[in-house]
């Protein structure tokens, strides 16, 4: 793979615009090359280097060379445990309020301003001069601009300087940001240590410093704690080999707890209701529950902070490599040697000489292993650096096998239907009214899985960072092959069940169908639910539990803080209204109003079924309505209020269409058409303008948006039209279209439902594309983890 492609692959996509623009610089180098070739067109051109059009990229190891902290070599046993109570010295080793250490103290170039780097020692062979002004901006002067074609060289170095200064500013800004965050984490950790002392050993009495000092005068004396103390020793004592004295560490003072407030957001409905009814009490209990919650938040904060440091180190390494590659390519093209002085400048700049990130990484590793991994180096590093997920060949093999089985079963069904003349048999209507709705539920789920697999494929192709957006744990996100595998397996089971139920004739003796075959749909549903809730680590347990957790939060929407995976899932459920109704039919058919042995039921005449038929259609939209109301209350965002009105209009439209479907009447028809039209216009506007961010007349891409991932702009206009057309599928209900040629009315309902699932799949891609580009615009590449402690009487962290 060429370096340019590898370079773009290794980028942190949310920081894409902050990287050196390798493509544009390479394009200028190609212009220079064409100019040189044009000058020599009368002569045989010299052989170009074998890698003129792009050299092979080395194996990029953004985090290579970073020393990992080994296991603690100090005292073991009780001493290691006691070290968890020692006051924390900080990640950056700088006290609060102390002046920030400037890079200029370490930068060998900081003592010189307006300095120049020369290409050769002889002034006659000078090609470029590099100048750094007082603001730290670098400017290169090309001394051979008078030569023919020199203007292109000037353009190259001007663009190179612009990219270098951009990278430098961004990197410096991010380093300063992580240093401030490191100081905040240090203060938070010190409070956590004090909380540990308070909770786990609240009655301990520490010897004063003078007593310890006097005890240390004897080489064999050891400070003692009162007999009532749960721990016999709380001071961590280190014996120095070269000095016959003892170094005493004082534990974190518990007095600092008097000035802080523990703030752990409610994560369960019970906690939410308690905080809403009773309010947040100012009294701190300092219980083990609070300690556990604070430790979990701090652990997550350290893991996320370490990820930031890894990203910064990768950013620094990758940009330095890009500057080296483009300068060497320029030198090969022009037969000059400008890379040495320029790369020397890069190496001595803040980008090349700042080692604060590497030192901070080592410090974070040691701190995390000690305080959150119980001193276990392997477990600590596993949390900080989870292994990269690897593609498995057996997934591809199983996918191909199951896809082939599904295709074979589908062909078999078509052949059996044709040979037996089932489409024209007397039992056709009975089958479509009783059996088809049962299998359609599984079919809807399978189609949605196939669409989501397509979403994952195209998100990956256009580098949409969907694992970060959804908040998947590292290594647990499914690729499109895994999702296709699950969908293909479900399709095999569904087609196999359909094939087993194609018997259209009852037993003449019992006047009933075979019980075993009639229970196949129920058995398949039971298997699907069993696999979904299976506690064993099989069939992607992490993803299944993530999905179940999102479903629970959707069901209890007003009582949970709304996050993107939850409202994204709720949007998916709004496109599965017919699946909810099929699930209701399962309960009715195998429950109170059906006789599955004879393939008969009275569900459509049951008043209970009619009411539930309306309720289950509204429930998914209620989830989204409740989520919007919760966000409106929490975030004070007026757009969430408008979004809630959108879903309320949809609820009214679905309700009126359902009532019209069951009762008919001109008045109901008018109301259904009016509400459906309003809801369709409202939803279509929100899809295109808000969710997708399109139709901006002032955009540099007319009527789209400034940033697009798909290069073909016509695609966006096509999907907007398709979205409008598919949203009009509700007209099938109000226009009274019940049965198309060669298509039963139940099959027609299924086709309309599948069209809505397809529309949702298209919506998914562009919704996440817009979310990704918003993250890119704000350089937002990390999850925000709330810190557990804040100063008493304030709303900010310490």
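Glycine is no exception: its Cβ is also placed from the backbone N, Cα and C atoms.
Curation does not apply to TrEMBL; its annotations are automatic.
Among the ranges 694-714, 715-735, 736-756, 757-777, the stretch that TrEMBL annotates as transmembrane segment is 715-735. Among the ranges 33-77, 123-167, the stretch that TrEMBL annotates as region 'Disordered' is 33-77. Counting Cβ pairs under 8 Å to the transmembrane segment (395-419), the stretch among 439-459, 480-499, 519-538, 667-686, 715-735 with the most such contacts is 480-499.
Long-range neighbours of the transmembrane segment (480-499) within the same chain, counting only residues 6 or more positions beyond its ends whose Cβ lies under 8 Å from a Cβ of the stretch, are 391, 395-396, 398-399, 402-403, 405-406, 409-410, 412-413, 416, 439, 442-443, 445-446, 449-450, 452-454, 456-457, 460, 520-521, 524, 527-528, 539-540.
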